[in-house]
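Novice: Pasting the relevant annotations from TrEMBL:
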{"type": "COMPBIAS", "residues": "210-220", "note": "compositional bias 'Basic and acidic residues'"}
{"type": "COMPBIAS", "residues": "221-240", "note": "compositional bias 'Acidic residues'"}
{"type": "COMPBIAS", "residues": "241-251", "note": "compositional bias 'Basic and acidic residues'"}
{"type": "DOMAIN", "residues": "5-120", "note": "domain 'Response regulatory'"}
{"type": "DOMAIN", "residues": "135-208", "note": "domain 'PAS'"}
{"type": "DOMAIN", "residues": "230-282", "note": "domain 'PAC'"}
{"type": "DOMAIN", "residues": "283-353", "note": "domain 'PAS'"}
{"type": "DOMAIN", "residues": "358-408", "note": "domain 'PAC'"}
{"type": "DOMAIN", "residues": "614-666", "note": "domain 'PAC'"}
{"type": "DOMAIN", "residues": "838-1026", "note": "domain 'Histidine kinase'"}
{"type": "MOD_RES", "residues": "ASP56", "note": "4-aspartylphosphate"}
{"type": "REGION", "residues": "208-251", "note": "region 'Disordered'"}
Amino acid sequence: MSGIRILHVDDDPQFGELASIFLEREDDRFSVDTATSVSEGLAHLADHDVDCVVSDYEMPERNGIEFLQTVRESSDVPFILFTGKGSEEVASEAISAGVTDYLQKESHTSQYTVLANRIANAVEQSRARRAVEQAERTLSQLADKSKDVLFLFDGDWQELLFVNEAYEELWGRSTETLADDPQSFLEAIHPEDRERVQRSMTQISNGAAKELEYRVVHPDGDDDDRSSGGDDDDRSDENDGDQRWVRAESRPVFDDDGTVTRIVGFVRDITAHREQAEALEEARERFQTLIEHGSDMITVIDESGEVQYQSPASERVLGYEPAARIGENSFDSIHPDDRARVWEAFARTIERPETTTERVEYRFEHADGSWVWLETIGTNQTNTAVDGYVLTSRDITDRRARERELERTNALLSTLFEALPVGVLAEDESRDVLAANEQLFDLFELPGTPSAAVGEDCEAMAEEISDVFVDPQAFVDRTAELVDSRERTANEELALRDGRTFSRSYRPLELPDGDGHLWVYRDTTDREEREQELHEMKAQQEAAINAGSVGTWEWDISSNELVTNPEFARTFGIDPDAARDGVPLERFVSSIHEDDRDRVRQGIDAALECGGEYEETYRVWNADDDRRWVSARGHVECDEDGTPIRFHGALTDITDRKVREQRLEALSETTRELMAADTREAVTEIGVNAAREVLNLDANAIHLYDPDRSALVPVAKTEAVTELVGDLPTFTGDGSIAWRVYTEGDPLAQGDIYDDPDIYDPETPIRSELHLPLGEHGILIAGSPEPEAFDQQDLVLGEILAGSVASALEQAEQTDRLRARERELTRQNNRLDEFASVVSHDLRNPLNIATGRLELAREECESPHLDDVQWAHDRMNDLVDDLLTLAREGKRVGETEPVELASLGRHCWQHVATADATLVVETDRSIEADRSRLEQLLENLVRNAVEHGGADVTVTIGDVEDGFYLEDDGPGIPPEDRETVFDSGYSTSTAGTGFGLSIVAQVVDAHGWELSVTDGTDGGARFEITGLEFTDE
């Protein structure tokens, strides 16, 4: 291939010069011109022929995508985006704009080898494509020039009845001459073809239809020269082009007697077709050349996988000479983990005799023993001249590496998204779901999965879930209002019918294909700890940081001269001019922090020993004696003997990232402290002190809202606040930034509060302030006497801190409510204990006395009234026992244990007066329960069945899906009474106390189970207890 002219556009002239040097070293066909801006690059393209454009992405004037779009308006020249900004978004936009290839800049010079290969491949493919296109255009033009001569003669060729003007162009003779002498056209036919044409004319006159190809020579042509024999007779004269090849088709026309009266036909100039055939042959040869020299590898195999043909590209892609692969079985060289999958794809092409295509990606063994990823398109060509299976393969090793990196990035982002402790919903411009997480589905108890919801109509979803809110229409209307206005809002409270409260925030999005919407929902009724959220944010920030390189180094190991750029040198406190010429390595090492120095030396020694990659993170002292954090990545190059000769790499300043990490750690620790605090006072003190660490500001204060005063009252502050402003004011509804931000609910960072008309004290020494609402609880204010003391990072961290403080305040208030509830429950329990004491002592003692007197009365007299008195005493004893159970046990359970239902059921049966009743046990399960209270439940259910079902009732204990049942075959419970049978005192039997089923309901509630009553199998009552935990499964 001839020379390749390259235009490299990069706003960094030093990098452009370096790239030019390395590219021209990689391939002596390369000639590289550089430009430092898009406008300069466009001017070069307008004045010079360029075979390939290589462009950076981020440039001041216009970025690489905009440059590409301008180039594509007038040219399809190969265009490679060579950029330091690697992202799926940039790659996708570049592909849409028509980029030829996309390559991310690396820190080592091996990237130029990859870039050189990409350039060569792109130019080769572009030139090959243009050659084929030119051939196609030539063939099309030849085909368009063909014209037919139409004629009509009498039956013996003696009279010309019709001929069109195409005859004059093709024969070079006038139609008048032909009319005068109808057979004069024979004079223009090539002498070698003339006799054959005359024989054909006789056969046609005798009634035969004929097709014939022959040559026509114009009158000024040299017949003798053209009839001199040899292969030249089969071609047009290369000098004057007077000879034409034609194809004639003639048909006789008969009268009723079968006599030939007319001869009709046409003559077509097929010279173009013959030339086209020759051109096609040339194109075929060029196509063969493409196969032989193209970047893709062509392989033909038979049904067993044996190689029948291998294109020369195999040597470049796999390291094998083409002839070495003939007769080998391709599947033997496929990675064992991929072989079955590739064979399945190949088998599908074998099973279908029609031309089929299969695409598969797999690993193939290189001649050096390494594995190369290939993308192969297999085509069934067994029904064509190929008679085999054609495999077109491309080396995609680099692409697979990029895809794996992209998959890892997407997996990380997906994990972060799913791990967020809030419900998140993203919509596109049409209000269709772009993404949602599990937390959102859990909050709203939505069916299905987040992935299945992608593409669903969010407006319809809002209508469907609106019923969970106290005011459904208000929820729908407010949602639509925010979408229309795209007004950013935070922490809107939404009341739910079940008593919960949600907080909702809305952010408008700007998507590549239009506007979007982001919704964040949080259950503020029962806030989770925010520590996990902080960890997730830290991970997101680390993944999102795109730290810029401080510079590069190159250390010539033999001369011990380390050369760097000026910024690199200044980072180490070294004279840039000296560093440009080269200084000893130890001079740089001496600037490394003393605690890191030995570790860095050991890392360098290890890289030199193995001749591989190097990566370290450490601290250095710069020229101003400031400590900076840096990340160094390098590569050791070795000679043919494996001796290290050169060590080069790049350095990145990560000080800002380290500071952010420290602030995030402080924020995480603060969250843990806040969640452990149980009073508002403790929470606010922790909050103002944490703001000093997290925001790096000494002056911080918290004001909490006092509903009795309708004001924001100061409750906590740092000493720096007192030193700056003295006593803090109480903010009311007018004339303060704090009150405005609190009521609006959006955080505010002000670079200079003197510019705000709502400034509370125009004489304040505070110049910049950060106002962070704490939900409905109040506001956190951080201030500085310096203007513009905050950045976006401060605002983000401040919002998270404020959210943690708000959650802790909510938790503290909930703790106060729980303590008040506990005190109330204690008072209630004391009253119940008093009641139980009265029942146990003041009622049972007189009852015992009455029972004794009754026994004495039976000894002195006999009376039927005494039995009634005995019944009354027993009835009162039962009532006292049930009242004590209700009062003392209530809805409490003791320690639970595994309990066998069958054994306990039979035990209870023995302790209840069951007369002639029958017990049937159809369960072998064990459940986790308080044995004593479960015994109360079963005894009361059995007693209820016997009392209401009769002496011969049958009671059955059996299993249901998540519990057990107890039923009888008695009269049952009417549907209208099933809601009241568990009320205390309810009974339809004079033998019962009316408390038995109430005790059953209490035991069920105490365990957290569910209780229902239905019809029994044989018409009686059936009690089902569900929601149990089984211990035998």
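First residue shown is number 1, and so on along the chain.
Just so it is clear, glycine is given a Cβ too, placed from its N, Cα and C backbone atoms.
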Novice: Sorted by position, what residues of the same chain at least six away from the residue listed as '4-aspartylphosphate' have a C-beta under 8 A from it?
Specialist: VAL9, ASP10, ASP11, ASP12, GLY64, PHE82, THR83, GLY84
Novice: Rank 5-120, 135-208, 614-666 by Cβ pairs under 8 Å to the domain 'PAC' (358-408) and hand me the top one.
Specialist: 5-120
Novice: Which of 5-120, 283-353, 614-666 shares the most C-beta pairs under 8 angstroms with the domain 'PAS' (135-208)?
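Specialist: Answer, by Cβ pair count: 283-353.
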Novice: Residue list, the compositional bias 'Basic and acidic residues' (241-251) vs rest of chain: Cβ under 8 Å, 6 or more residues beyond ends.
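Specialist: Same-chain contacts beyond the ends: 149, 170, 172, 190, 197, 200-201, 204, 209-218, 220-221, 226, 263-271, 274.
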Novice: Which value does the mean pLDDT take for the domain 'PAS' (283-353) in this predicted structure?
Specialist: 84
Novice: Count the residues of the compositional bias 'Basic and acidic residues' (210-220) that DSSP assigns to helix (H, G, I), to strand (E, B) and to coil, and report the three numbers in that order.
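Specialist: Secondary-structure composition of the compositional bias 'Basic and acidic residues' (210-220): 0 helix, 8 strand, 3 coil.
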Novice: So, in DSSP terms, is ASP56 (4-aspartylphosphate) helix, strand, or coil?
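Specialist: DSSP assigns ASP56 (4-aspartylphosphate) to coil.
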